[in-house]
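A.B. asks: Not my notes, these are from Swiss-Prot:
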type    : residues                                   : note
BINDING : 10, 11, 12, 13, 53, 57, 161, 167, 170      : ATP binding site
BINDING : 72, 133, 134, 135, 136, 137, 138, 139, 140 : UMP binding site
């Protein structure tokens, strides 16, 4: 069976809220957990980074007049909350997990240590990485690219909330937006397509990390992407078309 053997799954915080406007939807997070278990049972080694858009948005901090660093740390704490919720949902499926955070939260998680994270993956534990990169001004997309490079993972599965992949323009604003099936990292950078921030895209380019952008809300899509079935979403790589 041809499939990705080792992945970093980047979940947007919004993917956890389902159809709700805020927070964590119990049915949605359970569905995600079972889909992760399904690919775990195929022998795939899995690291996960979760965003916090379901709990905290940077623009809220701006509206409050908050210091950018303070607002970013709130976002990092939100990712830890999401990581713990996902850990619990996964463990209800009898999937062994470890939550590791970029700064110490010793009562609830392990500190992120690269060699220890690699060891967890080798022992077939799902590693959930909280607190982003651990520093303000760096997005969870950048954290995903950084951790993928550190953990020798050559593909990031970027799960989106009801977005099929990368478009030539915003599909929410333009009905004639076209889904791009395959694109180069260089094009993401030069065209400034709204897939991820420039720092994350540059890291992936420099370290030959492919990115697969797909719709998380369609049941079975994670497995299809891992097994390279169905031509789902958008592939971003150094090879292009």
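Placed from the backbone N, Cα and C atoms, the Cβ positions cover glycine too.
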A.B. asks: Tell me, if you would, which residue among 72, 170 (binding-site residues) has the fewest other CB atoms within 10 Å in the structure shown?
C.D. replies: 170
A.B. asks: What is the interatomic distance between the Cα atoms of residue 140 (UMP binding site) and residue 12 (ATP binding site), given in whole Å?
C.D. replies: 9
A.B. asks: Just jot down the residues in the same chain as residue 12 (ATP binding site), at least 6 apart in sequence, with C-beta under 8 A of its C-beta; none if empty.
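C.D. replies: Within the chain, residue 12 (ATP binding site) has Cβ neighbours under 8 Å at 51, 53, 159, 160, 161, 216.
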A.B. asks: With the ATP site defined by the record as 10, 11, 12, 13, 53, 57, 161, 167, 170, how many Å span the farthest pair of C-alpha atoms?
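C.D. replies: So the binding residues stretch over 23 Å, Cα to Cα.
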A.B. asks: Name the secondary structure element type, per DSSP in three states, that contains residue 140 (UMP binding site).
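C.D. replies: In three-state terms, residue 140 (UMP binding site) counts as helix.
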A.B. asks: Report, in whole Å, the straight Cα-to-Cα distance of residue 72 (UMP binding site) from residue 10 (ATP binding site).
C.D. replies: 18
A.B. asks: Taking the Cα atoms as reference points, how far is residue 134 (UMP binding site) from residue 170 (ATP binding site) in Å?
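C.D. replies: About 30 Å separates the two Cα atoms.
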